[in-house]
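A.B. asks: For reference, TrEMBL lists these features for the protein:
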{"type": "TRANSMEM", "residues": "5-24", "note": "transmembrane segment"}
{"type": "TRANSMEM", "residues": "77-100", "note": "transmembrane segment"}
{"type": "TRANSMEM", "residues": "109-129", "note": "transmembrane segment"}
{"type": "TRANSMEM", "residues": "164-191", "note": "transmembrane segment"}
{"type": "TRANSMEM", "residues": "198-219", "note": "transmembrane segment"}
{"type": "TRANSMEM", "residues": "249-272", "note": "transmembrane segment"}
{"type": "TRANSMEM", "residues": "279-299", "note": "transmembrane segment"}
{"type": "TRANSMEM", "residues": "305-323", "note": "transmembrane segment"}
{"type": "TRANSMEM", "residues": "335-353", "note": "transmembrane segment"}
Amino acid sequence: MKIGYFSFFLFILIIFALGCYYHYPFLSDDSLISLRYAQRFIEGKGLTWNDGHPVEGYSNLLWILMISALGKLGMNLILAARLLGIACSVGTLAVICFYFKTRNIRREYVFLTVFLLVTTPCFTVWAIGGLEQPLYIFLLTLTLTEVSKIINDKNKGRIYSLSLWLGLLAITRPDGFLFTILTTLFLVFIFRKSRKDLIKVFVSAGILPALFLLGQLLFRYNFYGELVPNTALVKVKITLHHIVRGGFYVFKSFFGTLLFSSLGLYCLFYLAYKKKNLFGFYLLLNIVVWTVYIMTVGGDIFPAFRHYYVVLILLVFAIILGLNEMKFHFKIKMIRVGFIALLLINPFIQLVIPDNHYAIEERWEFRGMNLGKTLKNTFPETTLIAVTAAGCIPYASELPTVDMLGLNDYYTPRHPPKNFGTGMLAHELGDANYVLGRNPDIIIYHMGAVPRFNVGDQMKTNPVFMNNYVEMLARQSNDEHILYFNKYGKSAGIRKQGNKIIIPAYLISSDTDNESIFRKNTLLRHLQKGKKYILSIRNFNTEKWELSQSASKLFSAESNISYGNKEMTITLIPVNEMFLENIELQRKY
């Protein structure tokens, strides 16, 4: 019994849904950066990540605008990002199936290839991952079908639809304009003998999409005062180190999708070399240029070969058209068994690929969102935090934030270290002096860890950080975070009120104990009976202070305040185990 396109499409949607369910609830931290821009845009604050000097720390304008539209209607932004990703992924499958259904191509070729695509985790991981890849691939798929109609079907009227998809690609990601350049050059070469067609192609495929890009450039310059986005300054530095990393990324991606990629390249070779198929040459051109591009920029740091997604969708067309040119007959038993084995083996091989498995293991973004919500409920809305994970914590906390790695910061990308281009992609920047000059109330590395990356290494030897910040292990509902609190922070530090000094208890420390607990929208210091706790703070005016009457009852008579070098050192010994919010000092006369 032959299976029709409709029945197959329903079947493949079930496989797709199972793949999404298997990788759920994966959510990229960078997607939460985009959602913070979307949230502030909805609130009327423009496409900004913080108040103050605006920076373009996103590279997916159209994606953010689409999410913002759903958010404006009242939809949860994370849900909006997931639904858009799923819708675009289903749209990609629908476009492929519908296009090849209208052509004289055996349906078995289409079904085989689409099944390979859907059982490759890159497709399902990024359908729910929250970033713009599904939209990008959907628009690229539409572009490929239009070019195929123009070349194979001689339907030059499709050039106008092509210009729309290319224009939208250009504002979905900055590298989307690459396809405008490649497509225009290729079509200009194809129609070079007809002046009329040449002008039509150049205007429609080249100039019209460029207007989309020009519009974004004008907006960028008018709103941000820049010609390139912050993301380019942070991530792009062409060095031998990054090229080698990018080459290894392509190597991993190819062997991580070995069955799919090998079949695709073989079919592409047959199309372009054996059959001299023009569309095959177009696919080859795009694959070569895109591969060189991702090698040049250093590859990617996300799971499931995100940037290789473009290559996979190009190979989808190569496989279907290549098999059609080869005239494979599935009635031949050996061929039928071979392809059935391919379909059965591919999903299981994908399960053991480490880069795919990372999408299942990576759940720290949800820890960060929980921490962000706790910070939002515990501290004033003016509390300034400094983070290395610029997505989950800032998005959930909605607090003003310093992005220590520079993606959403104006100063940091414009003052790179001398060794920029020799480290981990997008994690090389950082200036401890600049960060500390912003006087953040709380510094958070990753989800609450010891200092890391270049900026963390600088912090470890910075006297301001060592003198002004207190390391605290903050616990909440089966989780814990190492946070660094500023003793003199404006919103979470020591407060002087007339004849009183109010000291948050989480600032005092001991040699063996630095535990505090988030409880009922407060951060309480856990103090052990009889243990000595010490805090040294500035005392420039050489004033004398003592524990308030209520505070003195909590600590033994051995507790004291000593003075020296324009500092005072508070030594406290609790008489009982307690959870304390503040310690109050009063002026001593």
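The backbone N, Cα and C atoms fix where each Cβ goes, and this holds for glycine too.
Those TrEMBL annotations? Automatic predictions, nothing curated.
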A.B. asks: Tell me whether the transmembrane segment (5-24) sits in contact with the transmembrane segment (249-272), defined here as at least 3 Cβ pairs under 8 Å among residues 6 or more apart in sequence.
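C.D. replies: Taking Cβ pairs at least 6 residues apart, the transmembrane segment (249-272) and the transmembrane segment (5-24) are not in contact, as fewer than 3 fall under 8 Å.
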A.B. asks: Under a Cβ pair cut-off of under 8 Å, which of the recorded stretches 279-299, 305-323, 335-353 contacts the transmembrane segment (77-100) most often?
C.D. replies: 305-323
A.B. asks: Using Cβ atoms only, state whether the transmembrane segment (109-129) and the transmembrane segment (335-353) have three or more pairs under 8 Å that are 6 or more apart in sequence.
C.D. replies: yes
A.B. asks: With the transmembrane segment (249-272) as the reference, find which of 164-191, 198-219, 279-299, 305-323, 335-353 contributes the most Cβ pairs under 8 Å.
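C.D. replies: The stretch I would name here is 305-323.
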A.B. asks: Examine the transmembrane segment (279-299) against the transmembrane segment (164-191) and state whether at least 3 Cβ pairs sit under 8 A, considering only residue pairs 6 or more apart.
C.D. replies: yes
A.B. asks: Go through the chain and flag residues at least 6 beyond the ends of the transmembrane segment (164-191) whose CB is under 8 A from any CB in it; none is fine as an answer.
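C.D. replies: Sequence-distant neighbours of the transmembrane segment (164-191): 59-63, 132, 135-136, 139-140, 142-143, 146-147, 150-151, 197-198, 200-202, 205-206, 208-213, 215-216, 229, 231-232, 278, 281-282, 285-286, 289-290, 293.
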